[in-house]
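According to TrEMBL, the features are:
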- ASN16, GLU390: Mg(2+) binding site (BINDING)
- LYS23, HIS216, LEU217, GLY218, ASN219, GLY220, ASP291, MET292, ARG293, GLY337, ILE338, GLY339, GLU340, HIS341: ATP binding site (BINDING)
- ARG101: substrate binding site (BINDING)
- ASP158: active site, proton donor/acceptor (ACT_SITE)
- HIS189: site 'Transition state stabilizer' (SITE)
- ARG249: site 'Transition state stabilizer' (SITE)
Amino acid sequence: MSGSIHARQGLLLVLNAGSSSIKFSVFEVEPGGAPQERFGGQVEGIGGAARFTVKSSDGEPVGEHAWPEGVTVDHEQALHQIDDWLNAHLQGRAFLACSHRVVHGGLKHAAPVLIDDAVLTELEALCPLAPLHQPHNLAPIRAMRARLPNLPQIACFDTAFHRGQSEVVQQFALPRAITEAGVRRYGFHGLSYEYIASVLPQVHPRLANARVIVAHLGNGASLCAMQGGRSLASTMGFSALDGLAMGTRCGALDPGVVFHLLREMRLSPEQVEHMLYHDSGLLGMSGVSNDMRALRARATEPQVRQALDIYVHRIVREIGSMAAVLGGLDALIFTAGIGEHGVDTRAEVLQGCRWLGLELDAERNAASAACITRGDPAETPSAWVVPTDEEGMLARHALDVLARTA
Ligand code: ADP
């Protein structure tokens, strides 16, 4: 777990590069202290009409740029824009390190790692395991190595937190040779889960060693069964498609459906992949939007109502599955956009989890209070709202890796 004592002072850059956006944060580090976020921004809409925005830590807009209509912005240009803004606003201060979110660390990486040529080659070899994400994560690493060869760069993996799961949990019921070729459950959202695990003892002392399910409900969504700061199981598996229904992703699907789409409905593999990643989930079911706020505003429309019901039903079912792994449940934690703000979704999920002993406190839920169930959390199962902080986790990891490798 991170949080070692360090004597560093300076700035850390955190990058989270996806297929259509690059998010970045700048953290200030004082000797012995936790990194404090100064700025956070992003270029969104890469590949189309892109927009650059930056906010200070108190939410004030401090930078903005929109490219002219018809101009298509690629990742390289987006990175340039971020670089230009940083150069103009950091008064020549250099970074101690840059910490990158990388989706896949494979079987080997159970912890963040300082990037060198050998590590980069290893991570590139993992691209076939996450072809839609890994190449986008690695491109800025390569670009920054070319620009600033002496800047320490650190890779933090979404899979790492789940590496300690038992073999029984990790393996599919597939022929052994396929498992040995790397086709197994990896799990994702690990930086979010690791952050939540790190703050659970402060949320309530009972939670430190309790049987906990964390529901990370953002655009992507998954559950993690954890105890004592360790991941025991997760709903995401080989890819970020498995498990819960999401904004645009289908979640768990009978593999026979894929054969049907390919053979009988004559879709190409690329069309099926696009459908399962981008046209399914809340968007596909509702025909309206992938955005939970937009759907809740139209929840009286039958198709939207049904999409919301299916979304919640799948969460409740999978909570049952995670509770089985844990042998019961002491606490359920809601986090990420929908988990932190989706009052109705939380209420509906808790309604479906009464059999686990969770009793919704409607007032506390409406106020997004920390604990949103009735009863004494030291005595009865409880549910909580805990904001996640993946960027903060990336910054803490960078400091730890610097301390380890100094
Ligand atoms: P990402 O996975 O892209 O980081 P977020 O964690 O930001 O996504 O979650 C985005 C989701 O959170 C969207 O579906 C959005 O509608 C939902 N969300 C954000 N604020 C609210 C709110 N006040 N009520 C309900 N849902 C919300």
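Cβ coordinates are placed from backbone N, Cα and C, and glycine is handled just like the others.
Unlike curated records, TrEMBL annotations are generated automatically.
Over all protein chains present, the Cβ of the residue listed as 'substrate binding site' has 23 other Cβ atoms lying within 10 Å. In terms of Cα distance, the recorded positions that sit within 10 Å of ASN16 (Mg(2+) binding site) are LYS23, chosen from LYS23, HIS189, LEU217. Listed recorded positions: LYS23, HIS189, ARG293; maximum Cβ neighbour count within 10 Å falls on HIS189.
ARG249 (site 'Transition state stabilizer') sits 9 Å from ASN219 (ATP binding site), counting Cα to Cα. Taking the Cα of the residue listed as 'active site, proton donor/acceptor' as the reference point, the closest of the binding-site residues LYS23, ASN219, ASP291, GLU340, GLU390 is GLU390. Annotation note: LYS23 (ATP binding site) sits in a strand segment as assigned by DSSP. Here is what falls inside 10 Å of the CA of HIS189 (site 'Transition state stabilizer') among the binding-site residues LYS23, ASN219, ASP291, GLU390: GLU390.
In the vicinity of ligand 1, defined as a Cβ distance under 6 Å, the following of the recorded positions LYS23, HIS189, ARG249, ASP291, ARG293, GLU390 are placed: ASP291, ARG293.
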